[in-house]
Ligand SMILES: [Zn+2]
Ligand SMILES: [Zn+2]
Ligand SMILES: [Zn+2]
């Protein structure tokens, strides 16, 4: 399936005089915007008093946009319940881990477990879907907004506690089973009834990790259930419209694959500069990329959400200028917004939608730039959008999809697990997977980021799954049958699903595949490096394991202290530590060659990405780069052999062109 | 008006045996102390049980001090309500932003909005004013003590919430007006009734900045109202006595000008070493000045509080030795206490009063030094005070007052605004204004620190207002009419009074004066510098704006990336970034020359200050300095041509002497 | 008294199938384990429902261990009350200083002041003591587990508040006495009734230090009383068994001497790597010793707890591998576990007991290694234990005891005091005493760490008491009569017991001994050094005092600014600042020579320790060391003249051998 790639914008008609709407729509069309998202925070205007619906203005806005030739994605307003509703049921507030209520006055002030609030959501979603479900302008729906933003997945309210008890009862059936799964004999934590279960906050020292993991699973399930109620209502009333949700970046507090499974496509909100500031990169890195963002962060999420959307995805909010929420908020480099947009299209985005049309002069996000200044003059991104729209037309750009030969697993339960038990305080699953992703991308590869599902293993040349929390026999079997080269570890398979150490020792059910046992592990403070023999500059840091080789396994790399660093059994490898970039680069070059995957020797800060037959090249550096070797004698659709900073080139791949 | 300059001391007769009092008073007189502050924490001794007044001891102390020839400033004890009172109305406790009560057991444990407590204060103040209002020893009154110390301006109690609702109703009259002013359509924050207003704490993510700004204004107004009740009672009963309050340093949580407007004079508590430790200066700076303090911090506050007192002011608590409340508490350098005292007198202080007479051997401040050791032996400052008293007599020192040609605006609402929305996490209004102040002072200028009031603009050669939150047309008009050179920005005029971006874009109502529009802004992480063309070493850091010049404006300085750094329209300048010291120095030299203000080329760490015809010179460095060029052939009243570290010189200015 | 030194292990039969027990016991015996601790967290298995005791399994385990020839220390399970008990009396939860309850879900979730919980503890302890008090396997009892771990000494519950009021009433009898002792006249803190006393949390600024000190004393007393109830019950039912408690490291929130006084012996839990990570050492230090631990930390605690146990002590939990609770958790160096074990035996430990037999695959401590892996295969420490057991047998190792010529005071009230009032934010009593300890140990000395009790002063060559909070006349007299060289200061004697400055000025009752008065003190930020004259490299940092010498005292060392750094009056010295290592080394060499104590010039990272006639030598460095000069021509029982990294040598001291 290929789909025409288009631009979108986020628009808030309720925030502007009605007299602005038609001119706004006209200008959107003029610069080539095709899709407009509206409505997702407008509850207080849609229902200013309980049961007193005011949909006229929305109908008017839809009509104006429709007449201008714009398509609309309509958001449900459930991320911002109005004050009258909150006052009706004050216990709908989420409670923080410290036990304090999280009050009205910004957004996301609801507990996912509060049935009363869920019913209110059913009601407003039903009303909206009934009213506009078949409106010709409406081509899609967005449920709620950025689930989990501001740490809102977990709530410690009474509603959450009662729901968690029910969830546990349903999962375990007997307290004996729960006590066994959690190992509650330890520290006399055994429970005699499901009503004795507490939420895992405010404990004297850390709670039981199994208890925490189930609470995170439960909290994730509550998000899934909350979303599904809206999806089902909308489906009933709005046939043929795509339902999506706009996810966030570097966010792992619920299972996005599971939410995605109920949607028609995935979307995410891409803020390269804000996310860079929030990351754990060094100050030097942050300063270096302060106006363009981490060259690999957006790309990773494009791949991740393409997976969540089972191939269909888009950017719902693209940063168009400085934002308001970073620790510091620089203006993007000239060219940055265009580069970001093409990175998304290169990864198969159907739409890239800018946030937002016009900068609001009021309230929390008044310092967040838009395509227009608050006084309606064009800001820089306005012109950029126009330029891209023309280029897209000229290129006849389409979202293509194909299974990549390289699959990198990203698993939300593993993220839960290693947050619960980092064992070394800076251990991060997200950073570990990101390091593998970056190393692969620097070698010019297109990658699928996938859940650890057996069906994702098929048809791959290489499968990578660092830090994969728990092994499942069917996954191990799928890996074995795939014929792919498989690289696991560190920490892969080191727990059972109940968060216990497997009795066969880690890597648990991966053990027979790999032929190793992990006897001991250690975390290492920053600055401690365990050099790898015969690979100058390569080392482990932060994490290292001591493994015993089974009969069929051999040491492929060793640490200088003699411990095995990489084991091999046939085409199954286990890496027993946290690798630095040099180690990853050397290791992946070796394994990719063995797997028969082609790499490209890219200059630093150059990245490539294939979308169907098109190959895109991006320059994240501060100097012009010569990409003639990459392009060969291909004809450029965008750019040319010299790529300026922030530059984008695109050409037809030779293997495709021939 | 000129007033004889004298020394004072803070004294707690209730903390010492009655037998000590006469000898204490004798020794005070002996070393030349003229004024004694007493009583401000003595509620539990003045009213040990409800309604059971015990004023005899205070009458006795006043009598003893009076007979020794000492004048008394009497403090109201409302900063420390006793336990029996608190237990009567437990809801008088302020609540922190986290919702936790702030309990009895230290001081300032009251909510400014609690009417019950306010009535108790009326009662005790009335009783004291009746009893001692016309006592011959009493020459002044101090209301309460250090309003706002320990973060006590804002309270999140029920009393505060109810008072804030009332305040909002009174300000906005209709919820429509409030919703519009706050931009509550954003995120469905619209309110249907004033009773729906919550305090802006415990929200899921940041609250609406307009909401926060009004809450800060309200909280400031509560302090003003609380103080005014005491002032009015005292005025009724104590005619002719000066009423003051002792403010703190680097403290911007309420409008000190507004409190000052109800007083007869301002006072502040000057702790150079403690305040240096609390500041955001670098470790290197703190170590360098660890025994003498920031050379410009005290000076700034002297000018600020002279303004708050409309010309009449004093130091109520002068650090006399090591204190107890810094992160570290070194002993001042020999000479430091004398230097600090003369800095205050040079700035027109009527009294410099040391805190405290005798070091208490008990309770929270037992490590705070006094003029005497706990065993009544003299500590070092005892002798210093005696020496200064003799010098003052010899010099016939008098507090003079005159309008300075340079006015630097400091505005409390701007401080509120930029705390609410720094946009870059280290942006500080106080630091921004301080940098301008320091640069001016290093050029030898005497400065008035002023509120942004039209009447303060008159008669100036130069007016500076960096970071001035909101423009008012009448202020812009006064600036235009003043004939002064005006330097605004960065961020000046960037908001309306409602905390919205002006629809004409920043600098709002200053725009016509300056001929510029600010289209975009950015904050920059530490270490990022935007060099200024043709000014080696000069740069912006932390903050930078992108401005568009109107027809009548021109670029006076540019950044290396070509953006305008300083715009000029006639004698109106706009600086579009946060300047480093080199940029400020070069810029101010240029503008001061244009404005016709004389500068003095001072060696590093030398500062000067004029008090009427007298010019004082201070050495904050670690080496002796030759000041003969500054003094010319003037006759020294203090010091001489070589100024030792911590040294003070004073001579009659030539223009005055001739 | 000499006692055979043996190995032990901590074992949790309730966590494993009954079928494992006999084989576990057999293997324990096989490798030479003699003592097994069991039961201390097993309440939910001993009493799964209220009043429904299930002791059969424990009887069975005891029987199996007994038959295998193992001795048992039985723990009371009161550190982990089960959920049904907590639900019966929810107010038994301790409250944090922030007012939040500390909930069920880990351990130590009880308030020491809750009488209802104390009665439940009486009941279960009584039941266990009745059942097993005279069991032939049971040779000892452990009360509870790690009192105070996870900051649990202080609770801010209603139960604690009421008990504290009672405690104050009992101590002071009248509020006048309390008000005077606390100096409550300051800030009107005077109380009219004991029922007005609040706990010292949630105050607006810091509470009264006297109030805090009494609260810490009270909280310490509550631990003592809680422990004593268990001890008395056990004594009644289990004659001849040693009762102990397992204390922690670097833990000073209650008076361990006072708890120890009710016990038959002391024990502590020694985790060299975990404690190093938790310490305030530099990153460089932590990295250097990351696999072996601070060379002096364990040694200090061995001496401290030998003192708490009045000569009888043991290590109850010896780290056997990586742990789970450090910020980072490296695997110990090969040889580290053996070195740690011998450090304890060299200090006179009766037993070194490893924690734990088998690594648990579940719950909070699943990443804590044991002698066995979770699958029962031997981990490294299993073999180490076996090796040590054989060596102990061969050496016929016995715990010896003798008074050391050097006594270093460590006082819990001083630790309370300087936590309450550090005056410089990094001042730490524990670090101050540790620095003296380290300097002494580097000079090859064996040291007694002692409480500041008069009887401990006798028979010493040198007594050191830095930072000793309050002087008592009888202690000063004992020092004077001891004939020892005495080194006091800084801060010694600087407060009265009520936390007031002595009216005679510091060092209070030590003043007549030392002939000095401390007039002023200062704390200094990191990086500020006050050089000592004529001692290159020596300086004070962090803390310095200004002292006046009495007629009989002289300056033995001076700072470069001329202030006295060390005073001397006969054999009484006062050090007026916080010394760096160079100063301590030079000073102690000088004073030890004067005191007639022999020092040994040890290479860096080499430490020695005498146990009776045996001298042990340890290598904490990363290179082999030549110790032939230390050993002379002695015959080695362990090791030899070249000591490898982590190496241990032992030989008969020549003075003993001859
Ligand atoms: Zn319907
Ligand atoms: Zn009256
Ligand atoms: Zn009994």
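All residue numbers here begin at 1 and follow the chain in the order shown.
From the backbone N, Cα and C atoms, a Cβ is placed for every residue, glycine too.
All TrEMBL annotations are machine predictions without curation.
Per TrEMBL, the substrate site holds B:145, B:325; the candidate it also names there, chosen from B:102, B:107, B:280, B:288, is B:107. Residue B:317 (active site, nucleophile) and residue B:146 (active site, proton donor) are 11 Å apart (CA-CA, integer value). Taking 8 Å as the upper bound (exclusive) on CB-CB distance to chain C, the recorded positions B:111, B:145, B:146, B:317 give none. For residue B:145 (substrate binding site), the number of other Cβ atoms no farther than 10 Å from its own Cβ, over all displayed protein chains, is 24.
It is 14 Å from the Cα atom of residue B:317 (active site, nucleophile) to that of residue B:325 (substrate binding site). In this view, residue B:111 (Zn(2+) binding site) is surrounded by 27 other Cβ atoms within 10 Å of its Cβ, with every protein chain counted. Of all residue pairs in B:107, B:145, B:325, the annotated binders of substrate, the farthest apart have Cα atoms separated by 17 Å. Long-range Cβ contacts of residue B:107 (substrate binding site) within its own chain (separation 6+, distance under 8 Å): B:41, B:79, B:80, B:145, B:149, B:150. Mean model confidence of the domain 'Beta-galactosidase trimerisation' (B:405-596) amounts to 97 (pLDDT, 0 to 100 scale).
Around residue B:317 (active site, nucleophile), a 10 Å sphere centred on its CB holds 23 further CB atoms from the protein chains shown. Once Cβ contacts within 10 Å are tallied over all protein chains shown, the recorded positions B:146, B:325 are led by B:146.
In the three-state DSSP assignment, the secondary structure recorded for residue B:317 (active site, nucleophile) is strand.
Between residue B:325 (substrate binding site) and residue B:111 (Zn(2+) binding site), the C-alpha separation comes to 24 Å.
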